[in-house]
Each structure stands twice: as structure tokens, then as C-alpha cells.
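Since the structure comes first, as C-alpha cells, the remarks are kept for the end.
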Amino acid sequence: MSRILVLKSSILGDFSQSSKLADYLTAEWRKTHPSDKITVRDLAAEPLPVLDGEIVGGFGAGDDANERQKGIRALSDTLIAELKSHDILVIAAPMYNFNISTQLKTYIDLIARAGETFRYTEAGAEGLVTGKKAIIVSSRGGIYEGSANDFVTPYLKLFLGFIGVKDVEVVLAEGLAMSDHAAQSVEKAKAAIAALAGTRAAKAVAAEAANDPAQAARDADSKEAPTGFLQRLLAKLFG
């Protein structure tokens, strides 16, 4: 049995495309992994305290920390323990002004702690959150994949790698503010998610990406399981 932690970070609630895709992922995942445990943390519905000087000072203050510092340090400990206790991390990350949401950045600020999620060695920084997989599901109004305007995917990959999470998949839903791209983009993202969950075959995903619905229909019932080939295919198709 695996444990999956899903982080939602959209401010749009029920109107959020990234949250809907995260929900779709959990639903598809349960079809093929019914015994897995899924934990959902909505960073917008339950906002975290924004990092400030007092909070940072409290991380190293020990027993001298004031009550606010102790409380937020305990919260940080809880978030880190939660992250470490799960095997797969799903990050629903909408693009806001080319970057991640404030809510997601606040979460990152509270789990990025030396000695807890990373440490410094003579060879440089070493991540302490190892042996895990991450799936980034990112929605955006425009089309930015592979461009210098996308600060979401590169930043999240960098941070995840910094704390030790090297196995990262990315699913993009782009052009959602563009009427001629939105529907197809969502369906492409769902196809990629279903393939990751094991409810769709790699060949069906490839056919859909190539705009070949007939071939996709023929391949949809294939029993081919997600493999290293699928991971490489998804990386090529969806970033």
C-alpha cells in the first residue's frame, strides 16, 4: 500500500481547473490502487502563516521561542512529518502571473528547513526527503511549456530535487483561457493522468496527443501497464 499526499493551491475553490484535475487523478488512482491511502491538503481553504522574520527566528530558538514561534514551528514539524510519511506527492499548481500561488510558496517556505528536509555537506546541499515520487499538475491560461515565461515547472522541479525528490512527472493543462485550446488541453491532461494512474494505456495517450481518436479508441483497452517507456513518453508529450 502506498500513501499519496495531494496538495491543492488554487484560490478559485470549486472553479479551479488544477483542483479538478487533482480530483480526477485521485479518482483514477483509486480504480487501480484501491488500498492506497490518499491525503488531501487544500492550502487555500486552510491557509498557512506567511514566513516572516519572527517565524524564521523561531526555528532555531529552541526553548527561548515565544508562543507564536513555538506554534508555527510545531506546524512546520507536522507538515514535514506528513510529507515524509507519504510515498507520492501530487502538487496541483496553477500558474499565477507566471509563477506558483502564494499559498504553495508559503507551504514550501514552511517545509524548507535545514536539518529536516535538507542539509549542507562539504559537497553541497543534500536532500533528506528521498525515495519518493512527485506529480506536478499545472494549469495555466496561456501556453508556456518550454518557454522562459514558465516559472512554475522549473521552480518546482528545482525545489523538489533540492529536498531529495528526483522522480518527478509533469502534467500540463495549457491555454485554458483560449477557447480553441481549452477543452482539448483538459482532455489531454486527463489522458496523461489516467496513464499515470494505470487506467489508460500508453498507446492511447500517444494517439490522442497525435489527434488520432480512432487509434486512441482501439488502444484504450490495451493492458499495457505504465513503465519506464510511458514515463519517457509523458515527459516528451507533456513536459
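The backbone N, Cα and C atoms fix where each Cβ goes, and this holds for glycine too.
Nobody curates TrEMBL annotations by hand; they come from automatic prediction.
The feature domain 'Flavodoxin-like fold' is assigned by TrEMBL to 3-195.
Other Cβ atoms within 10 Å of the Cβ of SER10 (FMN binding site) number 25 in total over all chains. Per TrEMBL, the feature FMN binding site maps to SER10, SER16, GLN17, SER18, MET95, TYR96, ASN97, PHE98, SER139, ARG140, GLY141, GLY142.
Counting Cβ atoms from all protein chains shown, ASN97 (FMN binding site) has 7 others lying within 10 Å of its own Cβ. Considering only the binding-site residues GLN17, MET95, SER139, GLY141, the Cβ with the fewest other Cβ atoms within 10 Å is that of GLY141. Reduced to three states, the DSSP call for GLN17 (FMN binding site) is helix. Following the DSSP three-state reduction, the secondary structure of SER10 (FMN binding site) is coil. When secondary structure is read from DSSP and collapsed to three states, GLY141 (FMN binding site) falls in the coil class. According to DSSP, ASN97 (FMN binding site) is assigned to coil rather than to any helix or strand.
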